[in-house]
């Protein structure tokens, strides 16, 4: 009998560990009642509603334009050819729908650390939220590394204007060395730039503001030069009237317009043939890569509390900024692929190299200077945001408390900031932009799919798992099953298209997805969302999920490997550390609540 007990002890212990894992993994945060947040917002602690529609549109444009053109355009064009323009159109259409879902959640939560991670933690559970964070965070790290390498290339281009440095700077300094072992390419300057920006961010907001002032001054000088070069006696008198408007625009936008106008006169239409040299499948794959170029729309969505009329201006601001960005992206792609054959486009600094090849050296100099200013600011903000996300998970206990520590005098999360800089620096120093772009957008596509599912889940009136709609499944369980079926059908349809399977199978998958969406529509009761409301729920979120996962199926195989490996590592980290230290009602809510108290989960 004693032997039986000894044998049963390990089984009991194993069962207890599994039980504890699942009970921890299924924990969720609780959304505060709207009436409770209204009281706090009216107390005067909330943000000032000062952003109008025009401000939101400019905010969205400024947050989106930059990395998409200065970094990945040349890389995607190498595979998709001139059809890269279609890639930007498809990615933009997907982002418009995703932005509507994101806007609703942004109006229900304050703009604090968390984002998609916080939405998932509230709508679903702890483990899913941690997985979303891991995938999105690696996307942010890869994006920062790609921007840093492109920035290093533009910096070297400026240094090469000095006669004795021209053609004397080794490629491994800033442009990247020749590839070795199939994936690696050394770049010394990119990690150095990341280290400098990390040190500045660790010093505090004041020092970061000084750098931003320097970058802004550079932008204004470049802007003045553009206006001077474009001015004629006929428009000189009216320049003062338009200067205020131009001054509001980010210099990156103005450079893009300048590139389109000047480059249009150097287009050779024969370079557009063939338009899709590698077929439409490469265009779809390109759409998954350039998807990351549109993610700046979350800046508009996160401005819900500062918008004067969020119900009207948020959707218009998101749509307006995305459509303008798409138009600018399309214009640049057509000009670039028309000026230079797509096979001859550079990957690190495509704009500057394209104009240099056409003898327009002064334009390439302008582009390089403006790109340095714009990409530096973009990189600075990106590193800042990443460290705050690590700060949030540190406070929630899902990561070691080291990430949650804030310097007493500088008031910055130095440990999180240094970690972000180290990871991005390693990626930027070892991998080239082409390799990095192949595993980009995995987190964005999966993360935004989960965000769309969060919109549906948070709208359900019946959230109780104990009230059964049938004999074997709850209303909530049925809804989650339908969302999973839609995602699986999107992935199946994408795979069938990618591998040229019979269209009949794809039609079957689409029909199943439509039936699952119909079940969501007719078998679930939906409450009215407080604040901005995404239209046609659950239809729009269902379309978002299907199309996002369809694009996910078009990703390079390296991206799939990245997704699987990172998911396994994330689950292991959660199982070893997160489940034992996480606290859904953490101190982070108390700390951040006083900064932005609108509708904070309690």
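Residue positions begin at 1 at the first shown residue.
Placement of Cβ uses the backbone N, Cα and C atoms for every residue, glycine included.
Checking the ranges 223-242, 503-522 against TrEMBL, the transmembrane segment annotation falls on 503-522. Contacts between the transmembrane segment (83-105) and the transmembrane segment (534-553): present, as 3 or more C-beta pairs lie under 8 angstroms, all at sequence separation of six or more.
Each residue in the domain 'Cationic amino acid transporter C-terminal' (532-581) gets a DSSP state, and the totals come to 39 helix, 0 strand, 11 coil. Per-residue pLDDT, averaged over the domain 'Cationic amino acid transporter C-terminal' (532-581), rounds to 93. If one looks beyond the transmembrane segment (479-497) by at least 6 residues along the same chain, the residues whose Cβ comes under 8 Å of a Cβ in the stretch are 124, 281, 284, 449, 453, 456-457, 460, 473, 503, 505-506, 509-510, 512-513, 516-517, 519-520, 523-524, 542, 545-554. Most Cβ pairs under 8 Å with the transmembrane segment (534-553) belong to 503-522, among the candidate stretches 316-342, 503-522, 559-577. Listed as Cβ neighbours of the transmembrane segment (316-342) (distance under 8 Å, sequence separation of 6 or more from its ends, same chain) are residues 53, 56-61, 64-65, 68-69, 73-74, 77-78, 81-82, 84-85, 88-89, 92, 95-96, 99-100, 103, 253, 256-257, 259-260, 263-264, 266-269, 271-272, 277, 290, 293-294, 296-297, 300-301, 303, 307, 350-351, 354-355, 357-358.
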